[in-house]
Each structure stands twice: as C-alpha cells, then as structure tokens.
Amino acid sequence: MSLLTDAPSAYELTADQRDLASAVRDFAQTELHPHALEWDQHKHFPVDVLERAGRMGLGGVYVREDVGGSGLSRSDAVLIFEELAKGDPTIAAYISIHNMVARMIDTHGSEQLRRRWLPGLSSLALRGSYCLTEAEAGSDAAALRTSAVIDGDDYVLNGEKLFISGAGSSSVYVVMARTGGPGPKGISAIIVPADTPGLSFGANERKMGWNAQPTRAVSLVDVRVPRTNLLGREGDGFTIAMTGLNGGRLNIGACSLGGAQWAYERAVAHVQQRVAFGRRLADNEAVMFRLADMRIQLEAARGLLRRAAHALDIDAPDAVELCAMAKRLATDAGFDVANAALQLHGGYGYLADHGIEKVVRDLRVHQILEGTNEVMDLIVGRSIVGVA
Amino acid sequence: MKIMVAVKRVVDYAVKIRVKPDKTGVETTNVKMSMNPFCEIALEEALRIRESGLAKEVVAVSVGPAQCTDTLRTALAMGADRAVHVDSGAAHVQPLSVAKILRALVQAEQPGLLILGKQAIDDDCNQTGQMVAGLLQWPQGTFASKVVLDKEKQKATVEREVDGGIETICLELPAVITTDLRLNQPRYATLPNIMKAKSKVIKKVTPEELNVELRPDIEIIQVTEPPKRKAGVILSSVDELIDKLKNEARVL
C-alpha cells in the first residue's frame with residue numbers, strides 16, 4: 001500500500017488482487033493451458049470451458065453486481081487477463097471482447113436491456129459479439145455504412161460487418177449502425193439478438209492465429225429489432241464503441257503480456273538446460289542480454305498497463321491516451337518477446353508441440369485489432385499536439 | 001444445521017517435491033501451498049448441502065501456522081460463511097492432536113456434520129476423520145463417494161468406496177464424513193466471492209485455549225526419496241527372464 005496517498009500502489013498488488021490473480025491463474029492452468037494447442041490445431045471453440053469461466057464470474061468482470069457481474073475494476077481486469085493469457089491468449093482475448101460487449105450493455109442499456117441480457121452474459125451462458133468493422137471501414141470506423149432505419153417501433157438494419165469475433169456462435173450482437181448523417185455523430189449502437197431473421201454469417205475465416213475462436217462476416221438483410229434495443233441515445237454509438245475500446249485495449253495488452261510472459265519463461269528454462277559448444281546457452285552473454293531485453297520489455301509494458309488501468313478506473317483526463325500507449329507498448333513488446341523466445345528455442349521453437357509458435361501467431365493480431373498500433377500512435381500524437 | 005469442514009494447507013499437488021538436505025522432511029520454503037484436494041471436495045459437499053437448504057451455515061476450520069489463513073480465505077471465497085484458525089505456530093501437528101482440537105471445536109460449535117478430506121496429500125495418514133469420530137463417539141462414513149441427507153430423520157446415507165466395491169451405510173447425525181475423489185467436482189471460487197472473503201470472519205484460537213496439548217506421538221526419524229528407478233535391461237531369452245524373476249526380483 002502506498003504511504004503517500006490512498007491511491008492503490010502501482011508497484012504492489014493488494015491482498016485481494018493477489019488472491020484474484022492466483023484464482024484465475026489456477027483456472028487458466030487447469031482449464032485452458034492443457035488444451036490450448038489442441039484447440040488451435042482443430043480450430044475448436046471451447047464453449048463448455050467458457051461456461052465454466054462464466055461461472056467463476058469471468059463473463060462480466062466489470063459489470064455491476066445487481067445483474068450478476070463481478071463488479072471489479074480495470075486494474076483487477078489487467079491482472080485477470082494476463083493470467084488467462086498465460087493459459088491461452090486466444091481464449092483470454094475472446095473473453096475480453098465478450099466483456100466489452102457486456103460492459104457496453106451494462107453502462108448504456110436500459111434497465112430492461114440490462115436485466116434481459118446481462119445475467120446470461122455475465123455467466124457466459126450467453127456470448128456477445130461486438131460488430132463495428134466493415135470491409136471499407138476498419139481504422140476509419142466512423143465511415144461505416146451499415147444502416148438502421150426507423151420503421152414504426154423498429155429499426156431495420158442493413159449492411160455487412162467483417163472480422164467479427166465469435167460471430168455465428170453468439171447469442172447477441174451489438175451492432176454499430178448509421179441512424180443519422182455521415183461521420184461519427186450519425187452512428188448508433190443497437191442490440192441484435194442471434195435469432196433475428198435477416199442475420200447470417202460468413203465462413204469461419206482462416207487466420208494466422210486465434211484459431212480457437214471463430215471469426216466471421218456478419219450480414220444484416222432487413223434485420224428488424226425494436227427501437228428499445230438502442231444503447232444510449234441515437235448518435236451516441238461511436239462514442240459508446242470507442243469508450244468500450246479503452247478497456248478492451250488494456251485487456252488486449254494484458255493478453256499480449258500473458259502470452260509473452262509464458263513464452264519468455266519457457267525460453268529462460270530452455271537456455272539453462274540446452275548445451276552447445278560445451279556450455280549452456282545461458283552462459284553466453286549474448287543470450288543473457290537477450291533475456292534481459294525481454295524481461296525489461298515485459299516489466300515496462302506491465303507497469304504502463306497498470307498505470308493506464310488505474311487512470312481508467314479513476315476516470316483521469318488522460319486515460320484515453322494512456323490506454324492507447326499501454327496497448328501499443330504491450331502488444332508490440334508481447335509479439336517481440338514471444339518471437340525472441342521462439343528464436344531462443346532454435347528449431348524447437350518452430351515446432352507446434354512446443355507451443356511457442358502458436359503464441360507468436362496468436363499475439364501478432366493484437367498489434368492490429370482494437371485499433372491498429374498506428375491508430376494508437378495517432379491518438380497519443382494528437383493528444384500531445386492538441387488536435388481535436 | 002451447521003456443518004463444520006476441516007481443511008488442511010499442504011504443498012500444491014502439482015509441485016515437484018524435494019526432500020530437504022538434512023532429511024528431516026520435504027522442502028516447503030518458497031513452494032506453492034494450496035488447500036488439500038480432498039479438503040476442497042469436503043468443502044464443496046458442505047456448500048452443496050447448504051445450498052440445498054438442508055444446512056444453514058458452513059464453518060471452515062484449519063490447524064496450522066499463520067499462513068493457514070490463506071487456505072481459510074480460499075474456503076471463504078468458495079462460500080464458507082466463517083472460519084476458525086487454530087494457530088499451532090511452528091509446531092508439527094499430527095493427526096491425533098488435530099483430532100483432539102477438532103473434538104474441542106465440535107463441542108463448542110455443535111455442528112450436525114463434520115466433513116473432512118479422507119487424507120492429506122502430504123502425509124497420506126488417513127487417520128484424522130476416524131480418530132475424531134472415535135473421540136466424539138460419533139458414527140463415521142469414510143471414503144464417501146455419495147452423501148444423501150435426510151434432515152427430518154436426522155440420518156445420512158453414505159456410499160463408501162472400499163476395496164470390494166461400494167458399501168452403503170446409514171449414519172445417525174451428528175456424524176463424521178471423510179470425502180473421496182469421486183464425491184464431487186469442487187467449484188472455482190467466483191471473483192466477487194474472492195473479493196467478499198475479506199469481510200468474512202476468521203476467528204483465531206490457540207490449542208491451549210481449547211485445552212489441547214500439542215504433543216507429537218510419532219517421531220520422524222528420516223525422510224528420504226524413494227530409490228531412483230534403475231534402467232531396464234533387455235533380455236535375450238525366456239530362460240533369462242525366469243532366472244531374473246526368481247533370483248533377482250524374487251517374485252517366483
């Protein structure tokens with residue numbers, strides 16, 4: 001505990017946080033890690049394991065408790081997602097995206113919507129997908145074209161979303177659609193239940209990694225939902241989507257950290273037992289320096305993630321750019337460290353059975369989604385020079 | 001009805017055990033400690049009984065050093081209502097002493113059921129449950145693989161895993177039950193409950209306050225690793241096999 005203020009110390013976990021991290025670590029090591037390779041190889045989406053995660057409260061980490069959420073903070077969340085990712089970064093990331101959807105409904109949904117969806121989402125009995133990206137609107141998300149037109153008491157949605165995690169398997173989709181004019185202020189966030197007529201899905205994309213979770217296009221053809229499915233007000237959708245991403249970025253960074261930490265620890269063990277030229281790899285300064293670099297990168301990323309999480313928890317004025325900084329640093333560091341761990345394993349690093357190459361493949365996309373790292377640079381740069 | 005569950009803090013089941021260089025025991029410094037798996041099963045069973053409406057309160061108890069409170073916090077996070085820590089300090093506690101302590105706690109708390117794991121994975125004694133039942137003169141159902149309570153008739157039907165198969169017995173409450181592996185699958189503590197655990201009470205008492213003297217009845221002379229497995233030998237004929245079985249392994 002910090003003696004100076006009553007803010008939580010950035011450098012020490014509270015006893016509660018240690019217990020949380022320990023409990024999630026046990027879950028991840030028992031339920032995720034032993035099967036991660038198999039899920040990746042067979043592209044198997046482990047719905048039963050997600051339900052068990054939900055029963056532990058991982059489906060609504062920062063959803064309010066009155067609807068079954070765990071009511072935890074962003075600082076708690078980064079610990080939780082790092083531990084999950086040490087088990088399997090793909091499932092950790094999936095759970096994070098799902099939590100983003102749950103949080104959006106908790107924060108911006110009517111009481112009716114909260115009570116209808118959140119008990120199920122919090123326990124992961126139901127799964128949620130976040131539908132923002134389109135073929136022509138990725139980084140330029142505000143250029144999205146999916147439309148939602150008022151017809152009586154309903155919205156009718158038409159459009160195509162791309163790269164949607166969990167699509168085809170989720171029970172509820174939060175769709176960012178255009179209800180007004182061009183640009184961000186014309187966008188609204190609308191809940192679309194899975195069984196609504198007009199909703200269909202593309203094939204499961206073949207990806208470099210993240211194979212244990214499905215990624216599909218979502219097609220909306222005259223999808224009709226009640227107007228009461230609106231989150232917040234018309235025109236709030238873009239802000240709702242972006243606000244959701246702040247926390248999502250922290251979690252994705254934490255997932256990079258967890259995956260990389262696991263790979264790094266494997267590399268540390270490997271170089272201490274692998275012998276070449278009459279000595280252990282670890283006895284070479286070149287290897288020691290490489291490990292030092294890796295460790296420094298991980299510690300720096302972890303420190304910034306925790307700082308950004310705290311800023312988000314207290315709603316600090318610079319929380320948005322801190323989250324962007326932490327996401328960029330942690331996802332870049334995560335990939336680099338995992339890739340370095342692969343190299344330290346030599347030929348074994350290239351073999352699927354050792355698990356390292358899967359982590360490298362998984363972590364690569366963290367530098368792209370939830371806002372590319374270039375967009376993170378844009379956010380931070382703009383905050384420095386003061387562009388609106 | 002109140003249920004008391006005794007839980008033990010042991011070396012985590014996944015840890016690779018090392019014997020201390022002085023051979024007095026197993027290395028526990030900087031080693032991950034956890035709740036004994038059979039104790040988790042005992043606690044889970046107690047929680048299920050409470051959730052079915054047949055009990056009102058689950059009290060978790062543990063005998064050991066200060067760090068036992070970690071284990072008790074886990075029990076509280078899983079759902080126990082409150083906990084008692086019997087602080088034995090640095091003393092090495094053996095089953096008979098624990099049984100005497102549990103008797104004292106039971107006499108104070110008056111639970112309808114005392115549930116324990118069948119054995120701890122560190123010493124594998126498989127004694128405490130049986131001893132405390134004897135001290136209390138309570139019926140016991142050990143190695144339970146199924147427990148069904150009849151609250152009205154104040155009886156527990158227990159299926160026990162014994163060498164010959166499954167034995168079903170009927171116990172009059174209050175009774176002692178020790179749990180075997182297949183009784184249930186323990187729950188993960190939920191995240192909210194982990195955070196709430198700190199507001200639940202852990203009462204601390206000492207063996208002296210319970211009028212129990214911690215006197216070891218068994219002296220551990222030495223702890224060594226089992227002999228390392230020797231490399232196998234490829235035999236060239238059946239005659240050689242029979243000769244080795246007879247004269248080396250001495251099993252024929």
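Heads up, the Cβ atoms here are built off N, Cα and C, so glycines get one too.
What TrEMBL records for A:14-123 is domain 'Acyl-CoA dehydrogenase/oxidase N-terminal'.
The domain 'Acyl-CoA oxidase/dehydrogenase middle' annotation in TrEMBL covers A:130-223. Helix, strand and coil content of the domain 'Acyl-CoA oxidase/dehydrogenase middle' (A:130-223), in residues and according to DSSP, is 6 helix, 47 strand, 41 coil.
Positions annotated as domain 'Acyl-CoA dehydrogenase/oxidase C-terminal' by TrEMBL: A:235-384.
Across the domain 'Acyl-CoA dehydrogenase/oxidase C-terminal' (A:235-384), DSSP classifies residues as 127 helix, 4 strand, 19 coil. Counted with DSSP, the domain 'Acyl-CoA dehydrogenase/oxidase N-terminal' (A:14-123) comes out as 86 helix, 0 strand, 24 coil.
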